[in-house]
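These features come from TrEMBL:
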BINDING   B:45, B:432  Mg(2+) binding site
BINDING   B:64, B:67, B:426  Ni(2+) binding site
BINDING   B:67, B:429  Fe cation binding site
């Protein structure tokens, strides 16, 4: 019988909520654990592993030299690398600090002692190393996590949906937020969350990143029709996507 | 005794976030006992500047995945207080329900997955499977039930969706109230063997009296979502004066700030709340405390885990009570809030300053915002429970190490890890404080 694949979880700079989404699978988690040999998961286990990882699942973004080195080391020791959660896939809320001069940000929090705690601009994983699978979202959607893990274990590709959240939102028969006089990033944001936030009465904040070919003209027309300022949308977009470089993806 | 001991735990496991324990004993004399916080700072307070007060809870819930609902609630309280908005009675009751679920969920995670392996002598939760399969399944079932309640109430537990400034963007209907009720009854049932399990476990014997800080109130209710800030040394201040309680200061070995009040350090969290407010607990929770032999005042930090279990009983009973009341009186669906960076100005905005103080799983959490007339945040400050506990943990280590110096190094290391874990530290939360006020050490 083939040996079970060695899987490890790692966290860089983040809230660790995506790990929690995995823990929150409940008893389904035991089915997942039955398929793999979980060798490292610092938040829930004390064991560590010196060998090679078949699959490394990495959460969080790179914000300093230390985390960059850690990520490169994980990549070096892993056959497959999965980036999970917005911080890892697009930089996430950590990226907002890239829009201000770094010394100003450090000064704000640590005052005169800012140099005690060095930081760098925020980067998602693929800006530093090769990423084999992306699981977007803040937090990740547990069922998408299962799908991607199955694909990775079976050696199959996983295609992140590349249509707008609006598609899923329409299937869920939500009233369009623009018709309520509210801006929403659904028209330009990558689907795959089943319009999670809109289903619960909130707006889409763009946590899964932009679709690869956003319908800019269409989005502008919607804003014009509702007499809304495009600046509102641009500002909202920076909540999650501020660390994305223009050439990314 | 002229012994040399050096403990160096890199990347402490089974805690949220990144920390090292460093202890140095030379010739039998303790030279150093530090909990080094090496989590990379994320600068949340700086990120909040320039964002709308209506986006604040969305951003600040990302401080922490475990207590995202608690951060949302503290953030919303600060925001509403800054713009002068008073929530309805229905909103307050639903927020209490959410906070109970947050404390319950996080405590169960800590008791079973992070602390129990220590008490049962295994390295991780998975190691419990062979001999304690029932407990593992029960823990996962309870966590799932907490999550399912949060799914219904606010869309999800990790970064809640519908809980916003002004109220809730979606309100549960009768069918959903019944579903939450059924889930909570199942949790109530699973808490019975949980109390029996913890009652049978042997916690390390260690005591150090310290100052305990928590919300206090003259109302009969166990204060979690409102009240003044009080301490076991007799301090009592309104929440707006929180800086006079936390007195933050920086140390080089921690990206999280330290805090102290009347003494060199103080403790927050379930044990602090229990010590200050045990008489206000639900009778079923007081019964559970008696069963596991916990009584106030308790000065053994390892028993924070036991106090968490007592709170689990309290929170589940109170949550059941809130839902039963809604089942009886109904929910006014007309109160649902339409969000959207307040583009439609549904909620009036004014310039102001507001503080939120909420008892989240690891202790009292403060959010503090200053907003301009457009509702844009000019200044933000968040003081997180784990930061407030750091100096107290180090002071515990200073007392504990000499007491256990005759044990072998592996045992000393484990005892220190267990001590830190008992506080259920949330390190990723604790590394983004703002507004440094330097206090000489």
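Residue positions begin at 1 at the first shown residue.
The backbone N, Cα and C atoms fix where each Cβ goes, glycine too.
Rounded to the nearest whole angstrom, the C-alpha distance between residue B:64 (Ni(2+) binding site) and residue B:45 (Mg(2+) binding site) is 14. Within 10 Å of the C-beta atom of residue B:45 (Mg(2+) binding site) sit 23 other C-beta atoms, taking all shown protein chains into account. Around the Cβ of residue B:64 (Ni(2+) binding site), the number of neighbouring Cβ atoms within 10 Å comes to 32. A simple way to gauge crowding: the CB of residue B:426 (Ni(2+) binding site) has 30 other CB atoms within 10 angstroms, across all the protein chains here.
Chain A comes within the C-beta cut-off of under 8 angstroms for the following of the binding-site residues B:45, B:64, B:67, B:426: B:45, B:64. Around the Cβ of residue B:67 (Ni(2+) binding site), 29 further Cβ atoms fall within 10 Å across all displayed protein chains.
With respect to their backbone Cα atoms, residue B:426 (Ni(2+) binding site) and residue B:45 (Mg(2+) binding site) stand 18 Å from each other. A coil conformation is recorded for residue B:64 (Ni(2+) binding site) in the three-state DSSP classification, outside any helix or strand.
Put simply, residue B:67 (Ni(2+) binding site) is 18 Å from residue B:45 (Mg(2+) binding site) when counted between their Cα atoms.
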